[in-house]
Amino acid sequence: MRGLLPLLALLALVNSVASARLSPGAEESERAAVTALVQRAAAAAAASTAGRPGPRAYKRTEPIIGVLTQPCSDCPGKSYIASSYVHWVEAAGGRVAPIRFYASDRELHRLFKSGGLTWLWLDSPYVGAARKLFNWAVQENDAGNPFPIHGTCLGHQLLHILVSNVSRNDLLVETDAVSHPSTLEFTSAADDSRTWGNLPADLRSKLEDPKLNIAMQNHEYGIPPSHYKRWPILGNFFNILTTTKDRNGLEYISTVEAKKYPFVGVQWHPEKPTSEFGNNDIPHTLDAVRVGQHLANNFVDTARYSDHAPDSHEQELADLIYSTAPVFSARFEDKPPSGPDDDEHEGGGDPDPASAARARRRGEDGPRLVKSS
């Protein structure tokens with residue numbers, strides 16, 4: 001039904017125009033203005049359904065999104081997922097299944113039966129797991145089965161590393177963008193993109209408005225656009241949709257979309273405005289929430305076209321995040337890192353496989369759903 005609401009709005013507009021009584025002097029200019037408005041509405045309606053076969057082609061209306069967990073040595077378990085990412089997926093009608101960053105190949109393959117993936121972190125213990133999941137997702141899409149990937153912040157950087165095989169030391173540059181609400185500057189590629197093509201016009205202008213700064217950045221490193229020339233494979237794989245400047249005016253890539261696959265990377269945090277509190281720099285305005293919801297809707301809706309699913313209802317329930325106990329991290333002095341999102345955090349070492357296996361059997365490994373303040 002994604003295209004139905006814009007279409008109904010367009011019909012309502014046409015009906016109101018037909019019944020309006022225009023003054024003779026204003027008639028010509030009014031008609032021209034209305035015609036332009038109708039054309040923009042029609043373009044928005046077309047963009048909202050571009051590349052999507054429609055709800056009748058849905059394979060699952062409640063897709064499960066696999067989320068790669070983050071290492072944490074001070075957590076009750078060995079890994080965790082910040083609750084804001086879970087809420088972000090759920091607000092768009094999806095469900096979350098945690099994927100342990102140290103999972104065996106067998107478990108990775110089983111959890112790959114979820115309808116999509118989102119990556120949050122960049123850390124050596126799970127780059128190997130991420131590469132396997134990435135390659136499987138490419139194979140599924142090549143076979144005609146839609147399988148989306150969304151990478152947030154360092155997940156965005158991880159997508160670039162997986163595509164280019166360039167080390168993080170060569171790929172990334174330092175940025176002054178910790179706790180930095182900012183703008184997004186749209187490129188021409190954004191106009192017809194799956195990510196931004198159906199974005200309401202008012203939100204696009206607000207995202208570009210430096211007086212509003214509704215895109216939350218929270219990172220120490222970024223990828224400059226010039227690196228797409230240095231490593232052409234990146235430009236062959238991704239379209240740059242937006243860029244952003246840090247506090248010192250350094251430009252970095254803030255949104256990308258794969259040209260062939262339903263893969264999206266964002267250097268910024270669309271999930272924070274709706275579900276993360278305690279940092280006064282995070283924008284919680286209605287417009288910031290609308291932007292985050294827009295990206296979540298696009299991502300989860302793509303996952304609805306995937307036929308990936310657990311083998312049984314019992315396995316589905318066991319895989320979901322709510323099979324683990326949530327922890328309210330603000331109650332503890334030692335809590336998981338909440339920002340900036342870098343990969344130098346404690347607990348980044350690869351756990352002993354034997355200990356991890358014993359922990360899984362005892363059910364003590366987590367991952368924990370962390371509610372940060």
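The chain as shown is numbered from 1 upward.
For all residues, glycine too, the Cβ spot is worked out from N, Cα and C.
Some features that TrEMBL has for this protein:
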type     : residues : note
SIGNAL   : 1-19     : signal peptide
DOMAIN   : 144-279  : domain 'Glutamine amidotransferase'
ACT_SITE : CYS153   : active site, nucleophile
ACT_SITE : HIS269   : active site, proton donor
REGION   : 329-373  : region 'Disordered'
COMPBIAS : 362-373  : compositional bias 'Basic and acidic residues'
HIS269 (active site, proton donor) sits from the residue listed as 'active site, nucleophile' (Cα to Cα, rounded, in Å) at a distance of 7
Could you tell me the mean pLDDT the prediction assigns to the domain 'Glutamine amidotransferase' (144-279)?
96
